[in-house]
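Below: one structure, written as structure tokens.
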Amino acid sequence: MTDVLASAERVLRDGIGLTEPELRAVLDVDDDSLPRLLDLAHRVRRRWCGPGVEIEGIVSVKTGGCPEDCHFCSQSGRFDSPVRSAWLDIPNLVTAAEQTAATGATEFCIVAAVRGPDDRLMRQVRAAVRAIREAVDINISCSLGILTPDQAAELAEIGVHRYNHNLETARSYFPSVVTTHTWEERWQTLQLVRAAGMEVCCGGILGMGESLDQRAEFAAQLADLDPDEVPLNFLDPRPGTPFADLPVVSVAEALRAAAMFRLALPRTILRFAGGREITLGDAGTRDALRGGVNGLIVGNYLTTLGRDPAADLALLAELGEPIRRSELQALSQAL
């Protein structure tokens, strides 16, 4: 335990993430030492990311009917899931962006359940980005699956600020989660995103049956990628999917994982996303915001309910954590 805390102190001092063996040791920290680990992760975040928590809202432009077989996902058309295919029109997307901005969020992410965007989806996204930019001062992100070079360039050109494409899990465990495409295909899309000039958002889901060794492997692989944002999800088992009967990650396990990712990526936005309500609850979320996490998705997720945004904003105020503003919002308020 002393070695783990000494390693964390080194990250605080130098801003260089832990090695994979060191990350693995973080996951063995006992419950009695967990508060000290979380405090160190929080201090690392404050030193290397600064104060404040970034708020984001997400909306699904195309829900369900996905041809891929991601075993955690109720939107796959291959599983006996209650989710059915549907599209959201432009006025509703603009309304969702306005509601997100009203919470103080800096990011609004347009998500589609697809392998990758076809011409119809790209037309819809172009129109949505144009309409939202005319109506709302908020950064627009997208999560549309696997991209071609031309698609990545077009998204950057129309003003997409950040692109999300999760690696989901360690490279060694990925074939147990998805069989219809490869980890390497996802990695390649992330390289296209960066080359096009967009910020890279890449994280994954914990609790899909991976080992602790593979969690540390995943954190080290994300550190190699060095994304601008890492969304950290916890499996919320969905009926009809292959992972429907997996157990939910415990609070202590989730907090150790959050601290590990912060110590792997001292300068990255580490955002709690899907599953935090069922895994952490209010008390666990509070501990995590004092344990390395500096981003939240507010409101509902793609197919599951989230927390009331007002409750998250009240929690941030209670903790004395300001909401981070984007350059776009700062410029708008200055004018």
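Each Cβ is built from the backbone N, Cα and C atoms, and glycine gets one as well.
Here's what Swiss-Prot has on this protein:
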| type | residues | note |
| --- | --- | --- |
| DOMAIN | 53-276 | domain 'Radical SAM core' |
| BINDING | Cys66, Cys70, Cys73 | [4Fe-4S] cluster binding site |
| BINDING | Cys109, Cys142, Cys201, Arg271 | [2Fe-2S] cluster binding site |
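Structure coloured by features recorded in Swiss-Prot.
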{"residue": "Cys66", "record": "[4Fe-4S] cluster binding site", "DSSP (3 states)": "strand"}
{"residue": "Cys73", "record": "[4Fe-4S] cluster binding site", "DSSP (3 states)": "coil"}
{"residue": "Cys109", "record": "[2Fe-2S] cluster binding site", "DSSP (3 states)": "strand"}
{"residue": "Cys142", "record": "[2Fe-2S] cluster binding site", "DSSP (3 states)": "strand"}
{"residue": "Cys201", "record": "[2Fe-2S] cluster binding site", "DSSP (3 states)": "strand"}
{"residue": "Arg271", "record": "[2Fe-2S] cluster binding site", "DSSP (3 states)": "strand"}
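The most densely surrounded of the binding-site residues Cys66, Cys70, Cys109, Cys142 is Cys142 (count of other Cβ atoms within 10 A of its Cβ).
The Cβ neighbour count for Cys201 ([2Fe-2S] cluster binding site), using a 10 Å radius and every protein chain shown, is 27.
When pLDDT values are averaged over the domain 'Radical SAM core' (53-276), the model yields 94. Rounded to a whole value, the Cα-Cα separation of Cys73 ([4Fe-4S] cluster binding site) and Cys142 ([2Fe-2S] cluster binding site) is 18 Å. Residues Glu56, Ile58, Glu107, Ser141, Ser143, Arg162, Tyr163, Asn164, Glu229, Pro231 surround the recorded [2Fe-2S] cluster site, their Cβ atoms falling within 8 Å of the Cβ centroid of Cys109, Cys142, Cys201, Arg271, which are themselves excluded. The separation of Cys70 ([4Fe-4S] cluster binding site) from Cys109 ([2Fe-2S] cluster binding site), Cα to Cα, is 20 Å. Within 8 Å of the Cβ centroid of the [4Fe-4S] cluster site, not counting the listed residues Cys66, Cys70, Cys73, the chain contributes Glu68, Asp69, Phe72, Ser74, Gln75, Ser76, Ala113.
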